[in-house]
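Report on the following structure.
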Amino acid sequence: MESLSELQNPLLPRSPTHLHRPYPYPEAPPGWSCQEQLYSFLLGGAGPARAHQLLDPGSLQLAVEAWYRPSCLLGRDKVKEPKAGSCETSFTEAREPLAGPAEEGSEPGQAAEDVTIHTVSYGVQEELQGQEDSQEEESDGTSSESECEDAFLTLPPRDHLGLTLFSMLCCFWPLGIAAFYFSQGTSKAISKGDFRLASTTSRRALFLATLSIAVGAGLYVAVVVALAAYMSQNGHG
């Protein structure tokens, strides 16, 4: 150790010109005898070089340089670090933007598809419900009509015997006699089981009896008016 700086920093390299070299290991000066001693020590030589070997930072650097090139040793780490950093940044940058647009692009499509599915299913349900309701209404209408027809057919037609007798005796008797005839025909058709003929004769008997009553009532009114007019004329005379 020759100066105070070397005593304070014994492990620093001697030459400060290593900053502008391709690698930070300084070369030993040409007049330095430690290189020859290091080679003899590494090659297994004996003698004073091996016995009086001193600890020097330059010797450690030369020992590494003797077997490996410094650029290979340091270049590997220097190449790894930026590559690792670039891989991490490129991986994260490539992953995040790809995930974002994919999600943004897929979400509207999925929402629109869901809305379309719900709308179609809702329309189909409405159509099915409308068809079911219309079928139920039609079935109810047909069932009610059939029930009415069945009830009408099961009920035997009436002969209107009392009405025909009243029209024959108390009203216009020719129409009353015809109504009584159809009333008897209705009773015979019912006894035979011919409900179609019975309903026809029953309607005719009802019509003739009603007409006979109307005509008879008109005749009675006309007779009363004529009698009143005749009596009024006789009273004045």
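For all residues, glycine too, the Cβ spot is worked out from N, Cα and C.
The annotation compositional bias 'Acidic residues' is assigned in Swiss-Prot to 129-148. Among the features that Swiss-Prot reports, region 'Disordered' is placed at 1-23, 84-111, 127-148. The topological domain 'Extracellular' feature in Swiss-Prot is assigned to 1-161, 226-237; the stated evidence is sequence analysis. As annotated by Swiss-Prot, topological domain 'Cytoplasmic' applies to 183-204, with the evidence given as sequence analysis. Per Swiss-Prot, the feature transmembrane segment maps to 162-182, 205-225.
Here the transmembrane segment (162-182) has Cβ contacts under 8 Å with residues 201-202, 204-213, 215-217, 219 of the same chain, all six or more residues outside its ends. With DSSP classes pooled into helix, strand and coil, the tally for the topological domain 'Cytoplasmic' (183-204) is 20 helix, 0 strand, 2 coil. Sequence-distant neighbours of the topological domain 'Cytoplasmic' (183-204) (same chain, 6+ residues past either end, Cβ-Cβ under 8 Å): 153, 156-161, 164. Per-class residue totals from DSSP over the topological domain 'Extracellular' (226-237), listed helix then strand then coil: 11 helix, 0 strand, 1 coil.
Residues belonging to the topological domain 'Cytoplasmic' (183-204) score a mean pLDDT of 89 in the model.
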